[in-house]
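What TrEMBL records for this protein:
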type	residues	note
REGION	1-23	region 'Disordered'
COMPBIAS	13-23	compositional bias 'Basic and acidic residues'
TRANSMEM	34-54	transmembrane segment
DOMAIN	173-481	domain 'Peptidase S8/S53'
ACT_SITE	180	active site, charge relay system
COMPBIAS	196-207	compositional bias 'Polar residues'
REGION	196-219	region 'Disordered'
ACT_SITE	219	active site, charge relay system
ACT_SITE	440	active site, charge relay system
């Protein structure tokens, strides 16, 4: 999920047409999915009738089948097969089934099964991660803390990670699941902390082993390094370098996060001892998933069930706010959906009935991005109801400093990743690192701080951990928003900050502080 969306050309480097690098404007790597004439049928219970002779399209599509609350999915395989499909996964705990079929009437046919509430195709939904830019590489500064490239980690110094590590750098029993494009577990900065038993590949909609070379995008390896890169003398150091990191691949190799992949990922996290999930993507077919539309509502409900199931099982869900410079609490216009196939977006009006997943799901900790001047990054979305904390995500336009000369965040990168331009690539002792920016980079900082908190207070529940994370911050007041004049919201309205220093729409309760987390 983690791809970008188009913005007016005036937004320069964050315009998708120029493939800017803000780890794609959508949740920095916001997951965007495209919606292509897919049909959803809301159905009443009843017995399954044999499907009429319907055309076999010859192309397999993936479907989500939602059962009504309390209904059992025990007959799911028979229902799917009778409708002309194949059962892929039965997530009975949340009443969701994943199926594939090439029949044009599959949704309607399976919808006649007893207990089915709705069915919707997902095969034409997608969100792609794109990221490019034109910075020259930055020479490594002398490291006064950490590993060989730590002198370039302005982001860690900004949230007091070096001071925190003098007290607590995490414990191995705390596990962070990075739901993303995959994870290069052969990377020397990730291998020491990689938990293979809790890692999986959900790109097929059902859990499979995570193979070598799984992260052909690179986004997931980058976010994983920010969370838990090892303090091993080379490369960088993560926020929590002694916790365990699990890779949960939730996209295909092109960086598209389909609903069945996201659902699989949260059910996996719920049942495999994951303490915190980092979610640097936007997981719906539309930038805003409107619940007054039957098709979008079905996907919203399925993903919400999966996230709620994880939360109920003790998982803290941390998510990127997004890269549209938009107030998610007061949305008015969506100009980027659907974003797949390319050039298929249509401007539409949206309201508070339309929500971004996962960041606007109840109980999710939403993270906005800051730059090296501790101001909200020019691209970061925000909102009083969705922004809980802020964290360094980079800002290559408004916040260039001597400490952050290109404004971006350096982290680990996959050996087979494709989204890092040569100009932003750093190779250290044969391993790759890349400079990226976006709320996708901010979220793993917050996830890492949550892992430090849990390391220091292992008995915390996920609810207590959420409250503690929002308390381990340095409050920031609303800035002079005239600096964002060149980066309006999708509607063309200026960015505005609401609230006081205790909590506001730009920073939530404030920027996370690793030292406060361990004291």
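Including glycine, each Cβ sits where the backbone N, Cα and C put it.
Caution: TrEMBL annotation is automatic and unverified by curators.
Annotated pair residue 440 (active site, charge relay system) and residue 180 (active site, charge relay system), C-alpha to C-alpha distance, rounded: 10 Å.
Residue 180 (active site, charge relay system) carries a strand DSSP state (E or B). Residue counts for the region 'Disordered' (196-219) by DSSP state, with H, G and I taken as helix and E and B as strand, are 4 helix, 3 strand, 17 coil.
The Cβ of residue 219 (active site, charge relay system) has 36 neighbouring Cβ atoms from other residues within 10 Å, across all protein chains displayed. Rounded to a whole number, the distance between the Cα atoms of residue 180 (active site, charge relay system) and residue 219 (active site, charge relay system) is 7 Å. Other C-beta atoms found within 10 angstroms of the C-beta of residue 180 (active site, charge relay system) number 35, with every protein chain shown included.
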